[in-house]
């Protein structure tokens, strides 16, 4: 089974991808993991990605597509895989379709996790992280024992610039602009299923398995 996970920032795609990977016994492939893997291995792609990111640029479709092609050539994807963070655009989706066709494969389902904007803002803007050890908390869902301070090393917690409400709303707007055409692409092909992204991770997993007939 080949699954594509879509959803706004804070929708819990990564959590669901990990849970589904365990449930279905297929690898979870994320763009972030691929970037880190190539950088760690010192590949040519990894060097290109590092140079672009050091310069504050965006990784091009060509580089991202090349990473996906390399990853899908590995034997562990034979029973299927879960893509998280790719494709992000219709151009990438068309490339992926062509790549899968060349491998004699096709997408099983594109799952779109639907979460209201205000809930996304609440989820993300409530995050706090420790600048010393990297631990992440949430002011209401996973608060530290002492408000504002890390449980591990007592460092004062900080809110990332990206996690401030105004910036979360900006990211949501960008997500809508880029992803609505992608959702339409998969909907027109009869491959899109929307899943309510509100609830516990286990509850959302149960809803996901239901739409997959599992």
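Glycine too: its Cβ is placed from the backbone N, Cα and C atoms.
Swiss-Prot names 10, 11, 12, 13, 14, 15, 127, 136, 137 as ATP ligands; from the candidate set 190, 199, the record adds 199 to that same site. Within the same chain, residues 171 sit at least 6 positions outside the region 'LID' (126-163) and bring their C-beta atoms closer than 8 Å to a C-beta of that stretch.
Sequence-distant neighbours of the region 'NMP' (30-59) (same chain, 6+ residues past either end, Cβ-Cβ under 8 Å): 14, 17, 66-68, 70-71, 83-86. The DSSP breakdown of the region 'NMP' (30-59), given as helix, strand and coil counts, is 22 helix, 1 strand, 7 coil. Classification of residue 14 (ATP binding site) by DSSP places it within a helix.
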